[in-house]
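This report concerns only the one structure given below.
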Amino acid sequence: MAQKKAVTVKGKKATNGEEKPLAKRVTKSTKVQEEETVVPQSPSKKSRKQPVKEVPQFSEEDESDVEEQNDEQPGDDSDFETEEAAGLIDDEAEEDEEYNSDDEEDDDDDELEPGEVSKSEGADEVDESDDDEEAPVEKPVSKKSEKANSEKSEENRGIPKVKVGKIPLGTPKNQIVFVTNLPNEYLHKDLVALFAKFGRLSALQRFTNLNGNKSVLIAFDTSTGAEAVLQAKPKALTLGDNVLSVSQPRNKEENNERTVVVGLIGPNITKDDLKTFFEKVAPVEAVTISSNRLMPRAFVRLASVDDIPKALKLHSTELFSRFITVRRISQESISRTSELTLVVENVGKHESYSSDALEKIFKKFGDVEEIDVVCSKAVLAFVTFKQSDAATKALAQLDGKTVNKFEWKLHRFERSTSGRAILVTNLTSDATEADLRKVFNDSGEIESIIMLGQKAVVKFKDDEGFCKSFLANESIVNNAPIFIEPNSLLKHRLLKKRLAIGQTRAPRKFQKDTKPNFGKKPFNKRPAQENGGKSFVKRARF
């Protein structure tokens, strides 16, 4: 028993600190346990939970129990055995020191410095990140989106985007087509889709005239597309309920050489009437009518330049009981001067008059260079002679006389200047030129008076008479006051233009563009309250 106690005492001393290897072995096991438990506590970025390794813990009591079990084995009670046991303990302690020193070096290498991540943890993170990257979660979604985008792009390829604006300069004319007879309302994409099947479009230019008719210039990338459109059947050029009219644009100068201007046609004539009338002498390519409904003019384009002389023979012929005028559009206007040109006043208010009849009368006095029949409210025609003596004779013999039941009033042509002319308004129907001369003779010398129904234009020879004439404003002529204002030719021109445009549109009260709240109940806006004023009180309606 004494020997067993001695062995146990030596074992306890070794564990308590006298024998350092045993104590160091215990501390090493606890240190490894701390490191192995601390490292898993720093979770990775991918997975925050990791299994904690369980390491068996050895205490001093367990080691003592193990040694006691070893001591209980049979042996001799001699001193040799005790020395041998002590030697064995020393050898084991030395081996433990070597083993622990190696472990300490390995542990020193495995110890983490501040801010350092363990290699095993980084490897786990890399493996986890690789697993996450290889996970087929987003790849099918990206493939579907790319497939959907490709399908959308294929659908959009059916109706290409076309630049809307002026056709670029330098575009060959064999790549451009002119489209007319468009419906009043249509979609841009429908028009593009209709012509895109013939070829790739490069530009599209829209036009709208004063009558509201729409037309389009379409430019193709190649001439084959334009040729395909020109050769297409009407069924392939149908937009809505309209069959589009397609032609190739021509040179403006070339068109003018094949075009004649027709005047005095009247406001009720149509394009078909003119086309039928001129096709009696030559093929007609196109007919257009000006928007001025008071004094409209027509432009007839023939198929060939050689047919122009045939069309000019229709000048001064009768169309629907009206004598029309026909001349070249490129005809240079003859310069009118006061020495050679006489103005024939439209006393009879004729809407048309035969130029041949006028020529028969005026050629008695000399060679006539031009007779321009106008048939406006004030002027019937301008007669230009080749010599000034012929104009003087005609003015002296015809002015104020009646020939062939026609009252002639002539005066020399003067450039229209409103510098010394006044406009007299509010005249009665029985007012005459003599009545106005009685009023304005006191102002100054009168050059001319032109009666225009309830209006009159009085022109003075000097500025003094023009200035004094305004003193006669509100004078009484035939029991009615007259009103005087400067005669502005620009004003008359603008008023006529507005009147012509207004007649082609609906009455103002039916125009939606002039009334933004058309058809809506009016909104009575509450007046703003002033600072310090009384609050608004809405009154009851009775």
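Cβ coordinates come from backbone N, Cα and C, glycine included.
What Swiss-Prot annotates here:
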REGION    1-166  region 'Disordered'
MOD_RES   SER42  phosphoserine
MOD_RES   SER44  phosphoserine
COMPBIAS  59-114  compositional bias 'Acidic residues'
MOD_RES   SER120  phosphoserine
COMPBIAS  123-135  compositional bias 'Acidic residues'
MOD_RES   SER129  phosphoserine
COMPBIAS  136-158  compositional bias 'Basic and acidic residues'
MOD_RES   SER142  phosphoserine
DOMAIN    175-251  domain 'RRM 1'
DOMAIN    258-331  domain 'RRM 2'
MOD_RES   SER304  phosphoserine
MOD_RES   SER330  phosphoserine
DOMAIN    340-429  domain 'RRM 3'
DOMAIN    420-489  domain 'RRM 4'
MOD_RES   SER443  phosphoserine
REGION    505-542  region 'Disordered'
Count the Cβ atoms, other than its own, that fall within 10 Å of the Cβ of SER443 (phosphoserine), considering every protein chain shown.
19
With DSSP as the yardstick, break the domain 'RRM 2' (258-331) down into helix, strand and coil residue counts.
16 helix, 22 strand, 36 coil
How does the domain 'RRM 4' (420-489) divide up by DSSP, counting helix, then strand, then coil residues?
19 helix, 24 strand, 27 coil
Euclidean distance between Cα atoms of SER443 (phosphoserine) and SER304 (phosphoserine), Å:
59
Using a 10 Å radius around its CB, how many other CB atoms surround SER304 (phosphoserine)?
12
